[in-house]
Amino acid sequence: MALVNHSTIIEFLLLGVPEDHHTQALVFVLFLVVYLLTLSGNLLIILVIRTNSHLHTPMYFFLNHLSFLDLCYSSVTVPKMLENLLSEKKAISVEDCLSQAFFVLAFGGTELCLLAVMAYDRYAAICYPLLYGQMMSNELCVGLAWGSWGLAFLDAFINTLLAWNLDFCETQVISNFICEIPSLFPLSCSNSSDNFAVLLGSALLHAFGTFILVFFSYARIVSTILSITSTSGRSKAFSTCSSHLTAVSLFYSSGFLRYLMPTSGSPWELVFSIQYSVVTPLVNPLVYSLKNKEVKASLKNMLQKSLQHLR
């Protein structure tokens, strides 16, 4: 097959959505509700943290970044999927596809880094409570947060720039509802082995690097918690980590499997993509609000004040 430069390919077709019109309507309503709940949940978390001075601590500083990140993540993927569910031609331009792939990878990488930083924060708080203020200074927190964003965006830029230089064949079908870097490799007529090697290398360094930090942080945390003689003390210490552990489990499991498994059009690719890009941004604010007493108390106080103003 003759090579065709990607500039001559106008668009890709995102065919990860159901073909039946009735099913599409139900899926549209479902994901519209999910998107609205995601926006409201994360905005509420951000508002609670910003308005309550008692939550101006390193843990909630990073949670504020995580909620903003989930807002961005969901807004990059879900609106285009909703548009395709309503349109006959499930198309996305090459430029928009590559842009979406860039932001999906950038926001995903940032979340990996933030979750690792939040694990280190819990490690410092539980293992070294007397030195916590020194270990997690304001300057360090700001540096870790912006370092997470910067490192992830640099990684995404390198991988997307390499993908931009691929020559795409006339087969333009992507069996997913979003554009991801791995989904573009099978569409290329040119050799994408270098692209795959760079993506694999960045995944190993970025994803496994952060995972190792999370693993060793929680290994030390568990060791410290088990050494606490008081049952109530152990329960209180573990409760401060349970929300973060849930978020880590949801995101790492689906993200790892999606980017490390070969792209073959398997339905599992769609499932993993939905979990890390749609479900996780929805679940994170629920997890942190339902399992966190301080957030629940702040939400309750904010609602009570709102009701008083309405009266």
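Cβ atoms are placed via backbone N, Cα and C, with glycine included.
Listed in TrEMBL for this protein:
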{"type": "TRANSMEM", "residues": "25-49", "note": "transmembrane segment"}
{"type": "DOMAIN", "residues": "41-288", "note": "domain 'G-protein coupled receptors family 1 profile'"}
{"type": "TRANSMEM", "residues": "61-78", "note": "transmembrane segment"}
{"type": "TRANSMEM", "residues": "98-120", "note": "transmembrane segment"}
{"type": "TRANSMEM", "residues": "140-158", "note": "transmembrane segment"}
{"type": "TRANSMEM", "residues": "196-216", "note": "transmembrane segment"}
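Sequence-distant contacts of the transmembrane segment (196-216), counting only residues of its own chain at least 6 positions beyond either end whose CB sits under 8 Å from a CB of the stretch, comprise 109, 112-113, 115-116, 119-120, 151-152, 155, 158-159, 162, 181-182, 185, 248, 252, 255-256, 259-260. Residues 17-18, 55-56, 60-61, 63-64, 67-68, 70-71, 74-75, 78-79, 81-82, 85-86, 278-279, 281-282, 284-286, 288-289, 295, 298-299, 302 of the same chain sit 6 or more residues outside the transmembrane segment (25-49) yet have a Cβ under 8 Å from a Cβ within it. The average pLDDT the prediction assigns to the domain 'G-protein coupled receptors family 1 profile' (41-288) is 85.
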